[in-house]
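Working notes, beginning with the structure itself.
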């Protein structure tokens with residue numbers, strides 16, 4: 001049970017190395033002219049970096065650059081604007097931070113000069129992650145650095161900004177707030193703007209904020225860098241208004257390559273709804289010495305399963321959007337620093353975060369589309385030699401999702417779990433939920449939110465709520481019969497209407 005058996009391969013393995021695409025096309029926002037090449041170096045010591053930066057990189061244990069670093073850092077050091085496309089876990093954080101820090105160093109920035117570099121990123125956790133890397137890289141530099149994110153103390157942030165923060169890492173909403181309202185925030189000397197995970201920033205609704213931010217920030221002689229895992233029309237529009245004409249387009253996600261890391265073993269298991277929790281419980285119980293992330297589709301489902309597993313002495317951490325920022329931050333770093341453990345979370349942790357040495361990614365609730373799948377599994381097998389495994393739970397009615405994954409170049413195997421290895425604790429689970437008022441309420445909330453999330457899936461041909469066996473779904477939440485709940489069902493996951501569907505006892 002600790003390692004599922006590999007039944008059969010769904011796709012071929014990748015055999016090609018990532019390449020750089022630097023040709024000029026209108027689709028790529030007038031990228032560098034054909035024939036222009038970046039300097040190909042492999043070691044950090046081959047770059048003309050300052051001693052404080054080289055000393056920090058050595059202390060961090062890095063010697064050889066990843067593909068995206070080798071392709072991106074030289075042109076950025078030369079002052080070029082860059083539009084970058086790279087796999088998650090490719091090392092792009094160092095790729096943009098090193099040139100930014102070198103720029104501050106060469107200009108001898110001091111606190112009184114204000115903010116010279118701004119890094120914009122979609123989520124608080126990713127901002128904290130980048131801030132942590134920046135802190136290590138700037139250990140031997142005199143320049144100042146800081147972070148502004150939603151949920152943190154705004155007044156304390158404003159005080160630091162007024163004292164002078166040379167490099168600022170920020171989420172879009174809080175950055176716009178400070179740009180508009182914090183007197184004494186000096187950003188007139190801005191020299192570089194970095195937009196990380198641009199597609200995700202736009203996906204979660206920050207398009208208007210980004211346009212306002214770019215309009216406010218000075219653009220004279222400003223270097224800009226935009227990184228995005230996918231190149232959508234909206235990303236191209238954002239690149240057009242934020243980058244100078246003729247940016248260098250660097251692509252290390254070629255069409256012939258698999259969309260996920262080479263060191264990642266990926267599989268799925270076909271499981272009826274009423275057996276899902278039993279299988280998950282059995283798997284986690286037998287892999288307590290591993291480091292595991294379990295993805296669920298809603299905050300309430302995370303809260304329920306975390307409460308349940310902790311109650312029955314299977315210790316887990318939880319991370320979701322309804323937690324206060326300090327709790328999210330503490331949980332994130334606790335799991336990062338742990339050698340083993342289980343983190344149950346929503347997709348808040350699925351993008352960009354670099355959590356060390358994750359052994360397994362479990363997609364207990366299925367992702368909305370292949371891009372979400374790729375970002376989830378990107379939490380393991382990170383770096384050039386990273387290894388990891390992933391397992392996705394699918395019901396028999398959801399197998400159509402495999403076609404979408406195959407079209408997105410995701411190699412997948414089917415795993416089988418012997419039934420005699422699955423713990424049959426259903427009756428004990430139902431007794432517990434019936435007798436414990438708090439768990440009963442959180443189970444009901446989790447059940448309702450699961451159905452709500454299912455109804456909001458964008459792939460309606462795969463995830464059809466009218467084909468869900470509600471009695472079996474209810475059993476996975478510890479109910480012998482479905483509880484009565486209200487859910488909102490819309491024609492699209494983006495704009496559900498007010499039609500109600502009731503599920504009865």
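Keep in mind that glycine also has a Cβ here, set from the backbone N, Cα and C atoms.
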Which listed span Swiss-Prot calls motif 'DEAD box', if the choices are 192-195, 196-199, 200-203:
196-199
Could you check which of 275-291, 292-308, 309-325 is flagged in Swiss-Prot as motif 'Bipartite nuclear localization signal'?
275-291
For the motif 'DEAD box' (196-199), the DSSP residue counts stand at 2 helix, 0 strand, 2 coil
Other same-chain positions with a Cβ less than 8 Å from the motif 'Q motif' (42-70) and lying at least 6 residues past its termini are 17-18, 77, 84, 86, 90-92, 94-95, 98, 101-102, 105-106, 136-141, 250, 252, 383-384
Tally every other Cβ atom lying within 10 Å of the Cβ atom of residue 90 (ATP binding site).
26
DSSP three-state assignment (helix, strand or coil) for residue 92 (ATP binding site):
helix
